[in-house]
Ligand code: 5BU
């Protein structure tokens, strides 16, 4: 720990969280079990200011610890840019360890100029069991290079320090996981419950350097499995402010029903909003099907949203380049940006579509998008590669603070608990319409398919009493959610 630079340390910890260099969720680890916390420091190469700040603090830390060396060597690959900066700032030559020996020329594992007997300081990004450090140490020692110390950015506190100490290497960590968690809690970025869940997991999951667990049967409870978590806890993990708000709204109002107000007159929509308002978390529009759109309609709809505490989503399914989408979102007759809290967006054009919308959003905190990852219609052309790319955009892209959720049909689509799954194609009588729409029951979409919010249009709109139908769908969707997370429905 670097006491002298506490405020910089804290600022960097928060920054790393904000750029998704570490996140909470349900992650598959190398050691074969899932973890509730995941570090991915590879992203820092996209943020030169963060990389610079981090390397400055590491240089200070090395000075404070009085670690002297002839060379520095980063554990491949994530730590390489960090080690490069330390090498330059400390004027210490670098060594590079290959991951595989070349199959031509020299079969050297270590690149750079050195002499047997030189001393090398190891630089690593994140330590779990310490096995990656030990692989690098082995190759350096095979060349006669002495290794006694390793400087790491984050120690996950799962046994790594002890494992490498057994091989006569001292570990010095700039951050420990507990320090990072405390800083995030102090900064109001995560709740105490989240910190406790991670702590419980780490305590129950100590690992040896060969990847086996310390206890015969590690008691690993990952409390961050998306479909098992309650909305309140997921609000804490959400990156987008609007997703946090929607999770909380659902939990307080006890509803995960979105009504698709697919009617063509403003009066009809306002009637739906007035009558069904108390039962819904979200009212979804297709503004371009309205025959008599006008600005006073928008004002009336916004007042009803406030009165009954629901959000408005325009299901516009934007799909153009960033600039055109920005114009479509903010301008024209509808001026969607002014009244829709959320809009749906195709990931097809790539990251730029999100940037376009975000650039003209009325207020980034009260706006956001849902990315379409799967569709309910028969024969749609979305494939696995497209889906993977979409989820990557929602969890690792530059605008995760603007992505509230995913429109999809299955729980397998994504694991991150901070995103909301919105699932259309819901009806008490399953089946299909005559234009390719496919329906599943509220229980099936929530319990089997991972839906957080169920979208119901004609199931309610065609009922003799839309108020009663909305109340019925609300009860069925909410009970299914309660069952799923182990809550009592009342
Ligand atoms: P329905 O009347 O319950 O079939 O209405 C479903 C609504 O959800 C409708 O507004 C569609 O445009 C919307 N929808 C959908 O049905 N399927 C999808 O995959 C997506 C949106 Br994305």
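Cβ atoms here come from the backbone N, Cα and C positions, even for glycine.
Just one of 262, 267, 475 is listed by TrEMBL for the same substrate site as 284, 376, 437, 457, 458, and that one is 262. Looking only at the recorded positions 262, 315, 320, the densest Cβ neighbourhood within 10 Å occurs at 315. In the structure as shown, the Cβ atom of residue 317 (active site, for OMPdecase activity) sits within 10 Å of 14 other Cβ atoms. Shown in sequence order, 260, 424, 425, 455, 456 are the same-chain residues outside 262, 284, 376, 437, 457, 458 whose Cβ sits within 8 Å of the Cβ centre of the substrate site.
Long-range neighbours of residue 376 (substrate binding site) (same chain, six or more residues apart, CB within less than 8 Å of its CB): 409, 423, 424, 425, 437, 438, 439. Residue 457 (substrate binding site) sits 12 Å from residue 315 (active site, for OMPdecase activity), counting Cα to Cα. Sparsest Cβ environment among the binding-site residues 284, 458 (other Cβ atoms counted within 10 Å): 458.
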